[in-house]
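Copied over from TrEMBL, here are the features:
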type	residues	note
TRANSMEM	21-41	transmembrane segment
TRANSMEM	61-82	transmembrane segment
TRANSMEM	117-135	transmembrane segment
TRANSMEM	142-167	transmembrane segment
TRANSMEM	173-191	transmembrane segment
TRANSMEM	227-249	transmembrane segment
């Protein structure tokens, strides 16, 4: 059974190779956004303003890391799954001798591996630059990759859960857009959480958002404060979303079949 999931991942890798131009455009977009924010903050720092305890160099690391973390986003699975549900193509997956939640996870992981084949030159350039200017350490790189994987799983189960809404309404796309905005804002994709009020910073530590961007970025910068707490919280949210997804998926499938869709 496990070999079938590996085969699914391999097919997804091959599919990404076919669409390598789209991957390149996506990567360039994220880098351009990151550099635009870096240029903005450079102008701000030139005027004597600072953002919390961030030096300008640490902000450079932060926004480039946020750009890397965009690669962990599994938003695409939600759009694809919603389309499959609404058009009836989901029946093709239901009939397969595979559990759908793990089938789509294998496909997502395969897709990310396929994307990385074309992004390693860019990633290598960024990490070599970080290392050369002594902005990161080997320990911080290891911590970053650990939380990159956890962020990918968190993002996947979140968007899978959102896609299940398509069993009940045709406006499920609105939930994707809402989650994307909230997770980007409260996750620190636009602005580091250090700029937020203290009460919101404390609250966000217990919410899933900051583990998608802010926390991996801080760990790569060498700030390991509350590392074990962060690990516990992100594991808890992954478990919650995974269990909810599995439970609600079965309910959704039953209602889907009951209405003969």
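Using N, Cα and C of the backbone, Cβ positions are placed for all residues, glycine too.
Each of 61-82, 173-191, 227-249 was scored by its Cβ pairs under 8 Å to the transmembrane segment (142-167), and the highest score goes to 61-82. Counting Cβ pairs under 8 Å that are 6 or more residues apart, the transmembrane segment (173-191) and the transmembrane segment (61-82) reach 3 or more and are in contact.
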